[in-house]
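Written below as structure tokens is the structure these notes are about.
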Amino acid sequence: MLQSLAGNSCVRLIQSNKSAWYFLFLVLGYILYLIFGAVVFSSVELPYEDLLRQQLRGIKRQFLQEHKCLSEERLERFLSRALEASNYGVSILNNASASWNWDFTSSLFFASTVLSTTGYGHTAPLSDGGKAFCIIYSVIGIPFTLLFLTAVVQRIMVYSTWQPIVYIHTRWGLSKPLVALVHATLLAVVAVSCFFLIPAAIFSALEENWNFLESFYFCFISLSTIGLGDYVPGEAFNQRFRELYKLGITVYLLLGLIAMLVVLETFCELQQLKQLRKMFYLKKEKPQDRLAIMEHDHLTFSSMPDGTANSPQEDKTEPFVDFPVLTSPGGDDPMIK
């Protein structure tokens, strides 16, 4: 008997807090997904890192053996200074000295990566004034960019998503959730083709050291605003029309970001995903529930005695009360006479 009561109470507790339990499972799933990614990246990349370290140690050892007059300490100072400059996008190599990081087109490309929060990291401000301006520029520019992208995406959604779905639904009488799902899938295919596959083929042809996988990797890392910075186009020594190329990449990144937001917003409008999100969200208080609470409070207040309904403060502010005149029907009450 006690076990059945305990079981029923546990079931009622779980059913009454479904959203909290779903949210707990969501948090645990996200933590497990992070751990899974860490395990995979570590197992895949750690051997390559170890191999690269061994190769660099061998090259350094061979260089010191060939140049006896150079001490290891001086070489370490030189390499540390060169690497520090490389972190700011400045290279001491002869084939990289011809290109500048802060001409107008490169600065425009940098500004677009800052405002879109992509941030490749291959170029960074060198001066304190540049760093301070970057902070102020980002504080104002990132919300401005979000407002701009939201307005653009909202207008594009009218013609790319809402009107086609309503037209097909009313014209052929198909189910609106089914039409929306098929439309979102086709839109995603078009977006992937126009902003991932075709640009990846173009980048693999224009960039000498990039294959198709590396070009596709750059497109995905850029348009998802991850921006690792390991691949940046237009940085080759013999890059022709570098200024025009950088300007074209800036336009591509802006248009691609808008396209990705349109696709994501289209998928977020799907009825299936809305039902999935409701599992993890807190339930909003319905107007009927709020009305029932107000009616319950009103009934509770009206059922109170008259003496308790009036507060002492009201007695203080209104000391004079108009009492009704006692009269009897017909005016023949013997007491009044």
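The backbone N, Cα and C atoms fix where each Cβ goes, and this holds for glycine too.
Note that the structure is a prediction, hence the values are computed from the model and not measured.
Summarising the annotation, TrEMBL assigns transmembrane segment to 21-44 (among others).
According to TrEMBL, the N-linked glycosylation site annotation covers N95.
Marked as domain 'Potassium channel' by TrEMBL: 97-156 (among others).
Only residues 6 or more beyond the boundaries of the transmembrane segment (135-157), in the same chain, are considered here, and those with a CB under 8 A from a CB of the stretch are 111, 114-117, 257-258, 261-262, 265-266. Positions annotated as transmembrane segment by TrEMBL: 135-157 (among others).
The feature transmembrane segment is assigned by TrEMBL to 178-203 (among others).
Positions annotated as domain 'Potassium channel' by TrEMBL: 193-268 (among others).
Residues or ranges marked as transmembrane segment in TrEMBL: 215-232 (among others). A Cβ distance under 8 Å defines the sequence-distant neighbours of the transmembrane segment (215-232), meaning residues of its chain 6+ beyond its ends; these are 113, 116-122, 195-197, 199-204, 207, 253, 256-257, 259-260.
According to TrEMBL, the feature transmembrane segment maps to 244-264 (among others).
Annotation comment: TrEMBL describes 304-337 as region 'Disordered'.
Outside the transmembrane segment (178-203) by six or more residues, the chain places 160-161, 164-165, 168-169, 210, 212, 215-216, 218-220, 223, 233, 252, 255-256, 259-260, 262-263, 266-267, 269-272 with a CB less than 8 A from a CB of the stretch. Each residue in the domain 'Potassium channel' (193-268) has a pLDDT score, and their mean in this model is 90.
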